[in-house]
Amino acid sequence: LGNTVLHILVLQPNKTFACHMYSLILSYDRNKDGPGSLELIPNNEGLTPFKLAGVEGNTVMFQYLMQKRKHIIWSFGPLTTVLYDLTEIDSWAEDQSFLELIVSTKKREARQILDLTPVKELVSLKWNMYGRPYFCFLALFYILYMVCFTMCCVYRPLKPRTGNRTSSRDNTIYVQKMLQESYITYEDELRLVGELITVIGAVVILILEIPDILRVGAAKYFGQTILGGPFHIIVITYACMILVTMVMRLTSTNGEVVPMSFALVLGWCNVMYFARGFQMLGPFTIMIQKMIFGDLMRFCWLMAVVILGFASAFYIIFQTENPENLGQFYNYPMSLFTTFELFLTIIDGPANYDVDLPFMYSVVYFAFAIIATLLMLNLLIAMMGDTHWRVAHERDELWRAQVVATTVMLERKLPRCLWPRSGICGREYGLGDRWYLRIEDRVDPNKQKMMRYTEAFKAQDRDTYDKGLEKLEINRDILYKKEPFALSLSRSTSRTSSHRGWEILRRNT
């Protein structure tokens, strides 16, 4: 019952009342320093009161709980050395990491906790000491891996075509070799080494991704931008395409160019995932993700309807014409592709002035140009501009959350010998087996003086305002005089000593 009340207090809007009641309940806890403490009992979602405060973005309660956990080692003038308890904060040996919970929640207030002490210092320590070097090495290794895969695709086994052409439009001169013909020369064996590296890399990607999907859940794993959701979809699809290409090569099945092409595009697009490790490029990848999976996905539905309708009309118009003179619409798939190019203004409207064009082509193309080019493309630009304006205010905050998510990911997947535990063991200071983070806090005496002046001036303002409210209550029956009286009250308040104090404070600042 006491633990339930603690969880309820974390969710209370009245933060001051919640903090006082929290301390009152813990004062009756007999095991508050032991393993059976009320603060360490999780709820049905596996969240302790401390983790719940972080997930809900309750910064007041979080700071209050951290103040209870800190130990002041020594203080000399403005310099103070403090040890912060990392229990439930550090992701080391935690099944449900506090940092991962913060970055995976949809509440923006929760990400503000990443800028508070000691979370900010802990993340900075981990990222600068281990996270950034390992992530840069991983990015370099992945780029070399993609170069190896690209070279294997460029020099894939091909042989000259021996069969006769069945159509005048058939332009194929090389075909895929059979499995028995693909690995004969020294160059083929060298390519085989690169192909084995590619297949092993795809298997490793699946082995690393599948456990996280089962642990977190597919909806959260693929749906969270901060956790890299779109890039997880890309890299898993890439690994599957590599395995499909391998099966087609082993069975000598024609058409391996299809999964190979998809794998090349997806593999190189996944390089953008590593831009999150750099402050210059990380926020831009967030912008791209928001636009692609927000505006562009909705716009594609409208674009597909327009292209389907006009491509069908163009095909019907040119169905009776000679394709040698106007070959852009010689069959239905080509009509769809040509209409897509016209929609994006990649090409101009096809026209051959040596022959007569159908009259309906001019009418339909005029309507298509008005709807597609003038209306829909400008609508897309306006939508992307609005998304850019909205995301620009929080892209740096999202990028910092991505850095935290990347740090937690690396800490989970790297061996313990490569990522030692951060902080100081409490045995060195006689604080038991818990781990602490040592932070030197420098207090600016001028800042403290300014804060005292601010509180004093605020108190004078409150007193003056309360007196004005009492006078306002006396004259509350005269409705039409409320607004002038409020104006006179503000003018009288501005002439008080508090106003002069605020002016002095502003000049000093």
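Here the Cβ of each residue, glycine as well, is placed from N, Cα and C on the backbone.
According to TrEMBL, the features are:
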DOMAIN    135-393  domain 'Ion transport'
TRANSMEM  134-158  transmembrane segment
TRANSMEM  192-210  transmembrane segment
TRANSMEM  231-251  transmembrane segment
TRANSMEM  257-275  transmembrane segment
TRANSMEM  296-318  transmembrane segment
TRANSMEM  359-381  transmembrane segment
Surrounding residues of the transmembrane segment (296-318) on its own chain - C-beta under 8 Å, 6+ positions past either end: 326, 329-332, 335-336, 338-340, 343, 358, 360-361, 364, 368, 371-372, 376, 379-380, 383
Winner by Cβ pairs under 8 Å against the transmembrane segment (134-158), considering only 192-210, 231-251, 257-275: 257-275
For the domain 'Ion transport' (135-393), mean pLDDT (0 to 100): 83
